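Visitor: For reference, the structure I am asking about is given below.
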Amino acid sequence: MSEENVQEFVLKEDCELRFAAGDDSDVCLELVKGYAEIFGTELLLNKKYTFPAKSRVAAFTWKGATIELVGTTESAYVAESTPMVIYLNIHAAMEEVRKKREEQAAGNSNKAKGPRLLLVGPTDVGKTTVSRILCNYSVRQGRTPIFVELDVGQNSVSVPGTVAAVLVQKTADVIDGFERNQPIVFNFGHTSPSANLSLYEALFKEMATTLNAQIQENDEAKIGGMIINTCGWVDGEGYKCIVKAASAFEVDVVIVLDHERLYSDLSKELPEFVRLTHVPKSGGVEQRTGQIRSKMRGENVHRYFYGTRANNLYPFTFDVSFDDVTLCKIGAEQLPDSCLPFGMEVENHETKLVIMEPSADIKHHLFAFSRSTKADENVLKSPVFGFCLVTEVDLEKRTMSILCPQRTIPSKVLVFSDITHLDDQIKR
């Protein structure tokens, strides 16, 4: 790279280098001197980290550092005011709770349960980043927290349109984030809870039940606690979802990012034992347009099938006969009361399982492989094995071509997702 694309920044303690990579250029970061971290993951001295075009990154130092950037940046500056001390204090408070509960449970066969923290706030206030920082700090403390992702629009554990959770056993990769090994994933199939509120609520309650059962067999996960990220819908029904999620996951800490009214409302609604804290957003958080959000969802689906630069994946493409699988979806049209027999109550159409007939309309849609062996009510309650992408539909031959991580389909029950993706076969 040319000489003019090299920038060196000297950071004083408690400062942060914020930069945005250009639209068409990678940016290489190197910690030349001192100590620094990116979203809670420590940087290695003299190691080069290459961030792809359009990356938004913040490198923070507690003790001072010299950092070199090579490549074209859209912006790059040092910020002296950051909320990192607040995040560290939240982590310290969580660790104090863990230690106290461990002491209280000493000699008790019923092992201690760690703190459960819910992050809430409107869109573009940095909830996902704070979640990552707190998870990383917990891991560096020797803990293994569970990260729960309830943001179905910008999911950081699985594909968009899912409710997901993963046990965090190592700090996030500086560039690629957390490993996505053996996540628990429920298929919601939409990018906003408003598309099907009953289903969304049912799924996060099912997730809470599933995690509560699993941690009984894993003492480290139990004391590690949970860090739960939510979507940015905080008004009306979105607010009700926050309150219900806090109850379902039995949270004892709620962090409200940059929304004083939400903080005030929750302080009146949540039980007294829930510790509520209002935190300002970082000055480095940027607003994302609808176009950017859509592009990020596409990149997330692409990553699911093809991996990342550092960890390439090689999916399979093959044909599946419609006669060998059952296509279904959750949610049906609501029938008016006048269409029902006398005395019969209307069932919840939003959580009703519907068998789908093959059609050309399923092309470019994701389908989830259900763990349920039959297309029945268990589909709603079951996590999924994974996802496939329908790339072609041949109604005459009654087949569809799919992009699939596995060589063969792991389930014959395929659940529709409204998430679409045009597979361009180009590795980013």
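Cβ coordinates are placed from backbone N, Cα and C, and glycine is handled just like the others.
Heads up, here are the entries from Swiss-Prot:
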- Glu16, Arg56, Asp124, Val125, Gly126, Lys127, Thr128, Thr129: ATP binding site (BINDING)
Visitor: To see if you understand the setup: which same-chain residues, six or more apart in sequence, place their Cβ under 8 Å from that of Thr129 (ATP binding site)?
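Guide: Phe39, Ser282, Val285 - these are the non-local Cβ neighbours of Thr129 (ATP binding site), listed in sequence order.
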Visitor: According to DSSP, collapsed to three classes, what secondary structure does Thr129 (ATP binding site) have?
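Guide: Going by the DSSP assignment, Thr129 (ATP binding site) falls within a helical segment, counted as helix.
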Visitor: Quick check on the binding-site residues Glu16, Asp124: which one has the highest count of other Cβ atoms within 10 Å of its Cβ?
Guide: Glu16
Visitor: Going by DSSP, is Asp124 (ATP binding site) sitting in a helix, a strand, or coil?
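Guide: It is coil.
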Visitor: For a quick check of packing: other C-beta atoms within 10 Å of the C-beta of Lys127 (ATP binding site), how many?
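Guide: Its Cβ shell of radius 10 Å holds 25 other Cβ atoms.
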Visitor: Long-range same-chain neighbours of Thr128 (ATP binding site), Cβ under 8 Å, sequence gap at least 6?
Guide: Asp151, Gln154, Ser156, Asn229
Visitor: Do any residues at least six apart in sequence from Gly126 (ATP binding site), in the same chain, have a Cβ closer than 8 Å to its Cβ, and if so which, in order?
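Guide: Long-range Cβ contacts: Leu257, Lys281, Ser282, Gly284, Val285.
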